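Taken from TrEMBL as is:
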| type | residues | note |
| --- | --- | --- |
| DOMAIN | 1-79 | domain 'DOMON' |
| DOMAIN | 84-283 | domain 'Cytochrome b561' |
| TRANSMEM | 124-144 | transmembrane segment |
| TRANSMEM | 165-184 | transmembrane segment |
| TRANSMEM | 196-215 | transmembrane segment |
| TRANSMEM | 227-249 | transmembrane segment |
| TRANSMEM | 269-288 | transmembrane segment |
| TRANSMEM | 318-338 | transmembrane segment |
Amino acid sequence: QGGDDAYLCVNEGHRVHVSTANLKGRSPPVLDSENAVEDVSWRLVDGVLQCSFRRSIHLPAFKGRFNLDASYYIFLADGEASEGGLIHKHHRQPLITNGIYNVTGLPQDIGGSRSPRLIKAHGVLMFVAWITTVSIGVIVARFFKPVWCHSFLFGKEMWFQVHRVLMLTTVMLTSISFVLPFIYRGGWSQEAGFHPYVGSTVMALTIVQPLMAGFRPSRHAPRRQLFNWFHWSIGTTARILAVVTMFLGMDLPALDLPDPWDTYTMIGFVAWHVGIDVVMEIHSYCLVRKVELIEDDRVQILQSLTSAEAEGRLFKQIVLTIYVCGNIIFLIAFLAAINQI
């Protein structure tokens, strides 16, 4: 807000005052010395306060009052007031109309949102990146090397190409999303708690991963094992912190998803991912044990290995399909919630 034509409806000790005020930036409203409204009425029922008043379309004698024969965005903020009529900051984002509206026109349902479009876009891109692309990319790299080792795409193994595309998509989506809150706020937000700090850490780790991958040693180089360990640890840390960041961001005023639905749904997604990871790990372990227990006969070993590989390939592809569908369901749920606020 700032430089707006504001009207305050304040409940003060079971008496309601309706007055005009000026807004300057994010400072508390400054009441006008002379009120420009008339025919004031109000009603307080079950904690819901309703106010009505009249004013002239043109008020040249009152500084800061807009002409009402033009169209404007309408903000509706609610909050608390202490004794003496002192206005406190609203606890959640104001309800803002989706477009400009002429208040002298016919009544209509104009719709609105409590979340700015830039913040909605920030949430959408982060959910797409850290619920779908990165999660699927990790599963593919971890469990599909032996499944797609003989399949190639543009001269590289398929699992690697799929993993690389998904991870580069994650970097792109995260980078775009990262700058949107700074554009909206015009800088760093001091009121977002730990969310921007943890989010900045995730952004840094997200950039480090592809840079480090660019200097990946060859497969049989002595330092390859060290690279693999760093690549896994940095990626895992980024994913854990990303989930923490999403938990912190979902209840911020600028993107206040329904509570406690958002928390339970995010817990469900984490449990879903961990559950699929555990299932795949158990399956891989059982497959290895099955091959190890085969009698020491070369022909029988080769036949059993071929059978085990086919069995493992089918199972993993089925689990991957189910996992992708589950992730998409979680993603749609969060995107639908963002669209409704």
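The chain as shown is numbered from 1 upward.
Using N, Cα and C of the backbone, Cβ positions are placed for all residues, glycine too.
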Outside the transmembrane segment (165-184), six or more residues from its ends: residues with CB under 8 Å to it: 116, 118-119, 121-122, 125-126, 128-130, 133-134, 136-137, 140, 192, 196, 199-200, 202-203, 206-207, 209-210, 254
Summary of DSSP states over the domain 'DOMON' (1-79), given as helix, strand and coil counts: 0 helix, 36 strand, 43 coil
Other parts of the chain folded back onto the transmembrane segment (196-215), taken as Cβ under 8 Å at six or more residues beyond its ends: 167-168, 170-171, 174-175, 178, 181, 188-189, 227, 230-231, 234-235, 237-238, 241-242, 244-245, 248-249
Stretch of maximal Cβ-Cβ contact with the transmembrane segment (318-338) [cut-off: under 8 Å; candidates 124-144, 227-249, 269-288]: 124-144
Long-range environment of the transmembrane segment (124-144) - Cβ separation under 8 angstroms, sequence gap at least 6: 159-160, 162-163, 166-167, 169-170, 173-174, 176-177, 180, 235, 239, 242-243, 245-246, 249, 269, 273, 276-277, 280, 284, 316, 320, 323-324, 327-328, 330-331, 334-335, 338
